[in-house]
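Encoded as structure tokens, the structure appears first; notes follow it.
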Amino acid sequence: MLEKTYDSASVEPKIAKAWDEANAFRAGANAKPGAETFTIVIPPPNVTGSLHMGHALNNTLQDILVRFERMRGKDVLWQPGMDHAGIATQMVVERKLMENQLPGRREMGREAFVEKVWEWKAESGGLIFNQLKRLGASCDWSRERFTMDEGLSEAVLEVFVTLYKQNLIYKAKRLVNWDPKLQTAISDMEVEQIEVKGNLWHFRYPLEKGVTYEYPVAFDADGTPTEFETRDYIVVATTRPETMLGDTGVAVNPEDERYKGIVGKHVILPIVGRKIPIVADDYADPTAGTGAVKITPAHDFNDFEVGKRCGLRAINVMNIDGTISIKENEDFLEGLSHPAALHGAWDRLEGQDRFTARKIIVEIFEEAGLLDKIEPHKHVVPHGDRGGVPIEPRLTDQWWVDNKTLAQPAIASVREGRTNFVPKNWENTYFQWMENIQPWCISRQLWWGHQIPAWYGPDGQVFVEKTEEEALQAAIQHYIAHEGPWKAWVEEKLENFAPGEILTRDEDVLDTWFSSALWPFSTLGWPEQTPELARYYPTNVLVTGFDIIPFWVVRMMQMGLHFMKDDAGNPVEPFSTVYIHALVRDKNGQKMSKSKGNVIDPLELIDEYGADALRFTLAIMAAQGRDVKLDPARIAGYRNFGTKLWNATRFAEMNGVKRDPHFLAETASLTINRWILTELANTARDVTAALENFRFNDASGILYRFVWNQFCDWYLELLKPVFSGEDEEAKRESQACAAYVLEEIYKLLHPFMPFMTEELWAHTAGEGEERDDLLCLTDWPEPEFRDDAAAAEINWLIDLVSGIRSARAEMNVPPGATASLVVVGANTSTEARLDRHAAAIRRLARADEIRGGDVAPKGSAQIIVGEATVCLPLGNLVDLAAEQARLEKAIGKVDAEMERIDKKLSNEKFVANADPEVVAAERERKAELDVQLASLRTALTRVSEAG
């Protein structure tokens, strides 16, 4: 006998062990001969990571697809792996060294530090894989890959060297997001936009040689200037005074009448003494600030573009740690006359932290009478998400990928339908990014990662090869072939050769996303032409979140199309479908964050409710394009769904239900059995179609309704008289049919609730028997039995009883009270149905009499079923006066709440200023109250008529 309650804590490890021992998830498990492949590569979690709700949703959806296709007999590979997570991992290990009072990274040196990282990875990395197994992820764990393992490192070298030799990777000086704390370039994804309360400082920049102009200070009603003042300066507004040391221009809008007369003139930059031009550029907004913008090309992304358009110099005035560097800065000093009067200011600023320098610069402007005003100003400041400090746009030499060239085939692939996004609207995000794509900075100033395969000769000449030996050969050929100052030097070094004397390797490593971009084919063995690569590439679907479309999806498309070709040499997409899931938010629709204290830990949910309940909740809430609002109460509710199935299996077992391997749906004779078999076929068809179209919420919702409503609430309830009756043949058929339907339910539910269904599958094998296969390796249900007449008859019965029950509930009829039913307008077919199902109607609808009538009794509740009206006279069932008073009171309460909500929603300030989630919740509540009010008023009308 099945245990009384399902204990997820004991069942889940047992089932996981059974899967593991059976190699149930290996590539090709359960594949039929000649089966087509189905491949998914897991978005590789960081080696430092632990399971969060985003992982739980992402991997639940992948696992549903993988288990579904494996049961359909496809040759399935779900490829697992981890990302080396450059910055995150380096920070973790550095923190560990500090906690253990060991020498820091720089003290121990690069080689020793990298060894420490590998040691940490062996001891502590990969925790998330065990957590994914707890969730039930059915990856082929024997094929686990890591972005720093030997095979993937070979792929990275191959791609870098190839792209470099195709002029698609190059080194150049451009602006990057620079983290002064970590002292490395970081990607846009590692930048967090944080709103801060700051200031807008208005500085006066004096015009050169006493040049003046008339500046409007008063205007008439039409905006025409009526009063002017003569100025020998221009006012610029900035939130970052410390960058003014690197200003090389002032921009005004070419249509701005205030400044047209001084475009082309120059100002003398205070503190610095540099003469810089006033230029006309559309970037300057006449309505913002003073309309004049200081241009610092080396410290602002927009200014960098203005500088390129207007031919302005880019002068970097900061060190890599964000301190000021001017006194020995050749770029800064170029063209300056070094007046002694400025040296004092330079001394005050040299070496200061950028924010300290900000205060000093404001003081100097104020002392010189050049501080026009200070305005409080809320604005967004980009911060490094790891270092936690404001990032600094920094002009620096880095390695870049020519994204624009690589983007063209990837744009065409989606536009021509070879790769499709689901939901389709995400294609707009993809195109928007691709069509405005910028060069990709791929170098990072870290030690943990793929070191860039570039070596420099004594004159700075770069040699890019896979190995130092190959780079050395290229260098020798280069220097020996060219008559020049370095030829003799190289020849001399070769005579007494020592490694590292001729070439010096680039110290930078590659952006983590570089190796991740190769994930779909590098994990299958590329650049080797392995059997796995031939078999499982391209992959079928990528399941991922929308936030990494630009950083990962785009780059996998670019690299896949560039490096993977079919037999005819045509580019091959890495996946045919990209399924984009939404965010998991808290129950109020707020994004989860530690600062808000609303982070939900999936492992805690698994501990409390079981993995199946969490998985089913995520699936049923994963409507395309709609964020998941996760309330633990919902998980408790779907745990109850599992309990319902568990109890249904126990009930069936107690009533002699056991599998009959010889049962055939076509041989069922009872209408009730033919009905459930028809509904089973409909359910299997609809669930299959929903999963094929990535409608996870529809698939799980269909299963929920079939299992809870049709099978448990109706089928088993209607079978009770059969199980307790004298007709042994009907009993045997129903027992076999119920067992068959339960087995099909386990199969259909398995992708969503794998642990419980696997346990039930094993338990219901039969006394003393074992299943031939694990449930995860059985065939997906494809029942075809249909009996529309039987389905129509039982669904008619369900509609009738449900209608009566609803009317009784609405009218507050005591649960134990029995009532007469009067049926008006029934045809002969309905009359026959009423006769056949009279016993069930009496039992389930609490009816003591069913009779025909010509008209509906006054004041009766009326239920339309087909052509007939079933009437429930109320006079003898309820205290009409008390019920009328109850309903009027309830209507009053609902009216009052509706009035409160209407006042709120009609308040423009509330709608404009309240959180969108709060406004949406009020609107949802109003819609609920509308329905409730209509129901109460209908009930009141019935009571009034009955009285």
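Cβ coordinates are placed from backbone N, Cα and C, and glycine is handled just like the others.
Segment annotation: Swiss-Prot labels motif ''HIGH' region' over residues 45-55 (candidates 45-55, 177-187, 298-308, 419-429).
Feature annotation (Swiss-Prot): of 321-325, 381-385, 591-595, 656-660, the stretch labelled motif ''KMSKS' region' is 591-595. Averaged over the coiled coil (879-943), the predicted model has a pLDDT of 86. Same-chain residues lying 6+ beyond the ends of the motif ''HIGH' region' (45-55) with a Cβ under 8 Å from its Cβ atoms: 82-85, 88-89, 92, 121, 125-128, 131-132, 134-135, 146, 545, 583-584, 592, 599-603, 630.
Every protein chain considered, the tally of other Cβ atoms within 10 Å of the Cβ of Lys594 (ATP binding site) stands at 7. According to DSSP, the motif ''HIGH' region' (45-55) comprises 3 helix, 1 strand, 7 coil. For the motif ''KMSKS' region' (591-595), the number of residues in each DSSP class (helix H, G, I; strand E, B; coil) is 0 helix, 1 strand, 4 coil.
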